[in-house]
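> Below is the structure I would like to discuss, written out as structure tokens.
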Amino acid sequence: MGPEKFARAKPHINIGTIGHVDHGKTTFTAAITATLANDGESFAKAYSDIDGAPEERARGITINTAHVEYQTRDRHYAHVDCPGHADYVKNMITGAAQMDGAILVVSAADGPMPQTREHILLAKQVGVPHIVVFLNKQDQVDDDELLELVELEVRELLSTYDFPGDDIPICPGSRLQAIEAISSNPTLKRGDNPWVDKIYALMDAVDAYIPTPERDVEKTFLMAIEDVFSITGRGTVATGRIERGVIKVVDNVEIVGIGDTKTTTITGIEMFQKTLEEGFAGDNVGILLRGVTRENIERGMVLAKPGTITPHTNFESEVYVLTKEEGGRHTPFFTGYSPIFYVITTDVTGSIDQFTADDGSIVEMVMPGDRIKMTAELIYPVAIEEGMRFVIREGGRTIGAGVVSKIVK
């Protein structure tokens with residue numbers, strides 16, 4: 001018997017956790033799923049389930065590393081955990097680009113860390129529209145005034161990066177206390193335990209504060225490929241979030257970017273081990289492709305309706321260059337500068353050929369804090385189009401964020 005069908009009964013929201021690695025993001029996700037499971041809305045996920053990818057792959061077309069699903073009374077959530085290792089920022093950029101909102105996890109015992117600042121900044125750059133804060137480790141803070149102080153610090157930090165710091169819900173709690181309470185009594189319901197209730201309060205805030213986005217279902221289908229793997233006897237699977245449009249089994253799609261463009265047919269679509277007849281904008285899906293080998297396709301390519309997007313190397317863009325205080329460069333850069341461009345799920349080196357100031361004059365040098373028009377050339381072709389956002393990085397730091405304004409070639 002194949003996987004069950006996915007029931008589209010509630011609005012689907014993509015959410016994620018961001019924050020300092022040691023502030024307990026992953027066990028925090030386990031706390032949410034375990035809590036909501038007792039509301040009859042979700043299945044509990046153990047910590048090992050959330051951080052483990054290879055075992056999941058044996059079960060069908062599954063989604064990258066740590067996509068977990070859960071439901072509240074009003075919504076269906078896909079939750080992406082940005083992994084906390086060397087690839088963190090790369091995954092944060094691709095993961096955050098898929099988020100309709102994020103839960104920022106901050107330790108109430110430690111307050112905001114240097115990474116917290118970078119993660120809020122990245123969330124702003126890649127366009128995470130809404131943030132709710134979970135102040136973890138409340139059980140380690142005896143002093144209410146200290147808790148208020150940390151809350152104030154977090155609000156100020158969010159306001160610094162143009163999030164509405166005064167309005168954002170901040171929910172204190174302890175993911176460890178919640179998990180321990182549920183482990184010792186798996187039947188705990190809302191109202192039975194103060195620590196578990198704090199997780200409910202957080203998800204109530206997420207339900208209320210993060211709006212249901214309008215999905216681009218009218219536009220032509222596009223999905224950036226986040227991961228690729230093979231299933232013996234079934235073929236090759238590409239996973240990612242559908243950026244726009246609708247896709248059905250047996251539709252033809254093009255694989256665009258990096259190498260030559262290829263056409264293939266979709267033979268299956270799944271979300272969380274459940275089959276879909278069609279995938280909609282906003283869905284995190286695995287798409288099974290006919291006649292495609294693992295060598296033909298890689299992260300950074302896109303699947304698209306045939307003839308709707310083409311690979312390019314040269315484009316004009318409008319870019320904001322971060323200041324030193326925002327975590328950017330301390331010094332100017334010049335034409336010929338070759339940073340890394342993060343476009344949807346791709347990271348590719350490019351050289352900057354020309355800078356143009358707002359008045360149309362050509363400039364040789366760009367300072368941190370400048371807003372500038374620039375022409376860039378990537379070392380290999382990537383599926384890009386006007387209006388696409390990107391982030392520019394070098395040496396482990398974000399130095400700018402921009403939008404493609406014109407395709408040159």
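In case you wondered, yes, glycine gets a Cβ from its N, Cα and C as well.
Copying in the features that Swiss-Prot gives for the protein in this structure:
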BINDING   19-26, 81-85, 136-139  GTP binding site
BINDING   T26  Mg(2+) binding site
DOMAIN    10-214  domain 'tr-type G'
REGION    19-26  region 'G1'
REGION    60-64  region 'G2'
REGION    81-84  region 'G3'
REGION    136-139  region 'G4'
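Can you walk me through where each of these features ends up in the structure?
A strand conformation is recorded for G19 (GTP binding site) in the three-state DSSP classification.
Confidence annotation: the region 'G3' (81-84) carries a mean pLDDT of 55 in the model.
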> Give residue numbers and ranges for long-range contacts of the region 'G4' (136-139): same chain, 6 or more residues beyond its ends, CB-CB under 8 A.
23-24, 28, 105-110, 147, 172-177, 195, 198
